[in-house]
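Record features, source Swiss-Prot:
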type	residues	note
COMPBIAS	348-358	compositional bias 'Basic residues'
DISULFID	C22-C37	disulfide bond
DISULFID	C303-C345	disulfide bond
DISULFID	C305-C325	disulfide bond
REGION	322-358	region 'Disordered'
REPEAT	51-72	repeat 'LRR 1'
REPEAT	75-96	repeat 'LRR 2'
REPEAT	99-120	repeat 'LRR 3'
REPEAT	123-144	repeat 'LRR 4'
REPEAT	147-168	repeat 'LRR 5'
REPEAT	171-192	repeat 'LRR 6'
REPEAT	195-216	repeat 'LRR 7'
REPEAT	219-240	repeat 'LRR 8'
REPEAT	244-265	repeat 'LRR 9'
REPEAT	268-289	repeat 'LRR 10'
Amino acid sequence: MARALLFSLVFLAILLPALAACPQNCHCHGDLQHVICDKVGLQKIPKVSETTKLLNLQRNNFPVLAANSFRTMPNLVSLHLQHCNIREVAAGAFRGLKQLIYLYLSHNDIRVLRAGAFDDLTELTYLYLDHNKVSELPRGLLSPLVNLFILQLNNNKIRELRAGAFQGAKDLRWLYLSENALSSLQPGSLDDVENLAKFHLDKNQLSSYPSAALSKLRVVEELKLSHNPLKSIPDNAFQSFGRYLETLWLDNTNLEKFSDAAFSGVTTLKHVHLDNNRLNQLPSSFPFDNLETLTLTNNPWKCTCQLRGLRRWLEAKASRPDATCSSPAKFKGQRIRDTDALRSCKSPTKRSKKAGRH
């Protein structure tokens, strides 16, 4: 009898995690592997089965995520905490979540991310922190995130990127910093994420192109700098990743000029957005060879022979942008692709291939 009772107790102990109850007012699926507690009035993190892999806690109220808030959920893969009025994430808040891949913290009131907030998240691949009030990234904050691939930090209040901000996140590929308050990227701030492929910096306050910081990047395919008061782009701006750059957004920047060698080393550019600026010329280094899309409208283009490369590109395209001349006066309002201003322009003398090799 005693042996039978002992066997029963052991059996129940083994099954207990799988038989744990679904939290009140929540919906559970797949033997409690998916727990949905969306907008159910929770004030504290509920207890769930150790077998739970997806926990959706959206639209509840957790002002502070304290240390060890999820320690009893070692098998979580996806954690949803959007719209939860979170103000602070304490050090060790996600301790124990060594299987977590997706973490959603979007649309909260997060102002403080303590160093150590992401400890133990060594498998985390997707981190969404957009639409919060984060003003700085403490050095070492991302150090545990050795597998991070996508980081969304858009729509926050970050003013500056300092050296070491992304320390440890060496595999980061997509970084979104749109709609912050960035006025500068310090030299060294991107040294730890040289493998970025997609980098969005639009709608910030960058008054000069951050050459020193960006020069550490090697494989950027898409760079978005729209809606920054840039005015000019310097020589060799994209050279360190010029063999990979395919899409460049520089619209709505009050851009007045490119330096002559701004596009030096750029060989694969396919899509460029330059509309709503103050440009009147394009540099001789502008890479038309592989270009598929070019937006040009609302710029005061000066229709002289310096635009002959643009004219040739426009003539070769079936779908062509409708940019017009602003000067000389007699050509004002004429489409660049049709104006007589460029008809007599001769092609520049090509340098020999031998002379052009490096």
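Note: Cβ is positioned from N, Cα and C throughout, glycine not excepted.
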Practice problem: Using C-alpha positions only, work out which of the disulfide-bonded residues C303, C325, C345 is nearest to C37 (disulfide bond). | Solution: C325
Quiz item: According to DSSP, does C303 (disulfide bond) fall in a helix, a strand, or coil?
Solution: coil
Exercise. Give the distance between the Cα atoms of C303 (disulfide bond) and C22 (disulfide bond), rounded to the nearest whole Å.
Key: 70
Quiz prompt | Tertiary neighbours of C325 (disulfide bond) (same chain, Cβ under 8 Å, six or more apart) | solution = W301, K302, C303, F331, K332, G333, Q334, R335, I336, T339, A341
Exercise. Work out, from DSSP, the number of helix, strand and coil residues along the repeat 'LRR 3' (99-120).
Key: 0 helix, 5 strand, 17 coil
Self-check item: Cβ-Cβ under 8 Å with the repeat 'LRR 6' (171-192): same-chain residues at least 6 beyond its ends
Solution: 130, 146-165, 198-207, 210, 212-214, 216-217, 224
Practice problem: Would you mind giving the whole-number mean pLDDT across the repeat 'LRR 3' (99-120)? | Solution: 96
Practice problem: Run through the Cβ atoms and count how many others sit within 10 Å of the one on C22 (disulfide bond). | Solution: 16
Quiz prompt | Long-range Cβ neighbours of the repeat 'LRR 7' (195-216) (under 8 Å; 6 or more residues past either end) | solution = 154, 161, 170-189, 222-234, 236-240, 244, 249
Quiz item: At the Cα level, what's the spacing in Å between C345 (disulfide bond) and C305 (disulfide bond), rounded?
Solution: 5
